[in-house]
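Below is one structure, written out as structure tokens; comments come after it.
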């Protein structure tokens, strides 16, 4: 903990581990796109693909709002409502974060 | 910005890259703080700063990096770390698939270059652009987030503590908030309702029953299955024709039926 931070050393196993992590991650990013390119442009698959981003996005934030507890759920609802009314990303994020910040200060 | 459509813009137009970077500006405070938290963790787990930056720019995936650095030991459990990274980042298959319209009609090299700097944040911002953004917009956001992420790593690694607790300023909630807000921009009409409800329910069930980030896959899977099941062939071209035909039949039938006052009606004479 107290030793001077190690800035520039690269161990072989560290580099190989990181390259492995990078390869699987990039492979899935590019692979997903190339697989989708092979799906039909119309019909059921195109319809499913159009619903995909919303479904992924919801599945990312709904569990994380639940993890933040009641104040997290309230903050997410406030964010969504503000965005629906004001259509402004800054404002929506600010309302949600201020609410969560204040909520944690008083109830956390 | 005054250009007519995405088709005319080059693959990686400098102006579009800049706009993509600016669009990710609201994420600067949280990204830099979480980058710093990862930097502190990395210095405690024995990664060098060079190794950490190498990871941040080659893997470029926040949650997987946190888990990996946390698993890091003097004898690196390489297989465990790579498998954990694959599981946590499996959502990128879906994210990559959903980027099809952004890369539509672009050559393979653009896809190869454009798909590396794809994080959840610049993906979500790109997908909600009015005129669906092009690869340059996506890359601009990715470069911005990458630079901020790496700057946070350096600050955290060198300071080794004294980093403000993200929870105090609700900076951890910034990611939840940005994704929640951007969901509004993805609404395309009633066809989204059932898949979205299914995704929410699936991810909530996954959150309580599955470990880690499996809830993302559970929710996305539920949404995809629901979208496939609720699709009808008439969804693409609207059902206007059918409605006119029904109304027309009623218009012909009604006057004749109600207007039969006497023997003058053609039906009565038959």
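Backbone N, Cα and C atoms are what each Cβ position is placed from, and that goes for glycine too.
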**B:117-136, B:137-156, B:217-236 - the range that TrEMBL marks as transmembrane segment** = B:137-156
**Asked** Out of B:97-112, B:193-208, which range is noted as transmembrane segment by TrEMBL?
**Response** B:193-208
**Message:** Tell me whether the transmembrane segment (B:20-42) sits in contact with the transmembrane segment (B:193-208), defined here as at least 3 Cβ pairs under 8 Å among residues 6 or more apart in sequence.
**Reply:** no
**Message:** As a test: from B:49-69, B:75-94, B:168-186, B:193-208, pick the stretch that has the greatest number of Cβ pairs under 8 Å with the transmembrane segment (B:137-156).
**Reply:** B:49-69
